[in-house]
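In what follows, a single structure is set out as structure tokens and then discussed.
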Amino acid sequence: MNPGSFLSAAEIPLPRLYICMAGVFFVAAMVWVYTLMKHRYSVFKIHWLMAALAFTKSTSLVFHSINYHFINIEGHPIEGWAVMYYITHLLKGALLFITLALIGMGWAFIKYALSYKEKMIFVIVIPLQVLANVAYIIIESTEEGYSEYYLWKEILFLVDLICCGAILFPVVWSIRHLKAAKNLEKLKLFRHYYVMIVCYIFFTRIIAILLKITMPFQWQWCYEFLVEVSTLIFFVLTGYKFRPASNNPYLQPPLNEEDVEKDEVVTESGALEGISKVKKTSNGRERQKEPTL
């Protein structure tokens, strides 16, 4: 029995949980914006996209809390608030995977242009994200007794796993590129980022669900709490690793394209071919020629 509430015992704490987590994400977003303004000369466009993701996540949680609040007191969602929540949830999901993919591809951190196969990641992930959000909206507005409920729930789980797997490919490509370039500092950074994504996916998609199944019914709201806290930790760690700071050895700005082109032209033109370097020994009598290129 839940006197004075239309929510189940597992859902009664959710409105307060979502509004509290919305406040935490908003504070984290403001701290991130302050960091960007403090180091404005080291900021890339991807940093502002990360800020937009944090604010969108906070807004989505606010509307999610409001939606559950009206279900709690009236027994059904208010259409306007529900629509606002679904819109922000859609934007949050799209921004999350786009931001993770761009970071994994090393956009602005390693290079300024994306390859064909990297662009294809967006062609695959964005439609899948739309499908996943459609499935989520249908699940939210459908009773568990309907046969379509479990069908769309399985579709959501499968599509979400495919999107998570697609996000890992750009990180692997960046690691291979950095290995070839022998850039050890950024290689270490992207290896850490790869481990962070794997741990985040494993915890939120597998461990948290297993905990939800094994928990007593009235404590199943802890599943949502664990997912939101792990998301916050993942956001904070990602922001710390890729923070815009002039003394951050991992994020030294890449060479300008003109400088890279000049180096390639000089190297390939053979302008220095045949030029030797004269090395003088300690006694000053012997000399040794060493080819420079």
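Note that Cβ sites are derived from N, Cα and C of the backbone, with glycine treated the same way.
Keep in mind that TrEMBL annotations are predicted by a computer and have not been checked by a curator.
What TrEMBL records for 13-249 is domain 'GOST seven transmembrane'.
Annotation source TrEMBL lists transmembrane segment at 16-36 (among others). With a threshold of 8 Å between CB atoms, the same-chain residues lying at least 6 positions outside the transmembrane segment (16-36) that come near it are 43, 47-48, 50-51, 54-55, 57-59, 61-62, 64-65, 68, 221, 224-225, 228-229, 232, 235-236, 239, 243-244.
The transmembrane segment annotation in TrEMBL covers 48-71 (among others). With a cut-off of 8 Å between Cβ atoms, the residues of this chain six or more beyond the transmembrane segment (48-71) that come close are 6-7, 11, 14-19, 21-23, 25-26, 28-29, 32-33, 36, 77-78, 81-82, 84-85, 88-89, 91-92, 95-96, 98-99, 102, 228, 231, 235, 238-239, 242.
Sequence annotations record features per position, and here TrEMBL assigns transmembrane segment to 83-109 (among others).
According to TrEMBL, the transmembrane segment annotation covers 121-139 (among others).
Taken from TrEMBL, the feature transmembrane segment applies to 151-173 (among others).
What TrEMBL lists as transmembrane segment is 193-213 (among others).
Within the same chain, residues 17-18, 21, 24-25, 28, 32, 35, 46-47, 50, 53-54, 57, 61, 103, 109, 189, 192-193, 196, 200, 203-204, 208, 211, 250-251 sit at least 6 positions outside the transmembrane segment (225-242) and bring their C-beta atoms closer than 8 Å to a C-beta of that stretch. Among the features that TrEMBL reports, transmembrane segment is placed at 225-242 (among others).
Remote same-chain residues near the transmembrane segment (121-139) are listed as 86, 89-90, 93-94, 97-98, 101, 105, 148-149, 152-153, 155-156, 159-160, 162-163, 166-167, 169-170 (criterion: CB distance under 8 Å, separation of at least six residues from the stretch ends).
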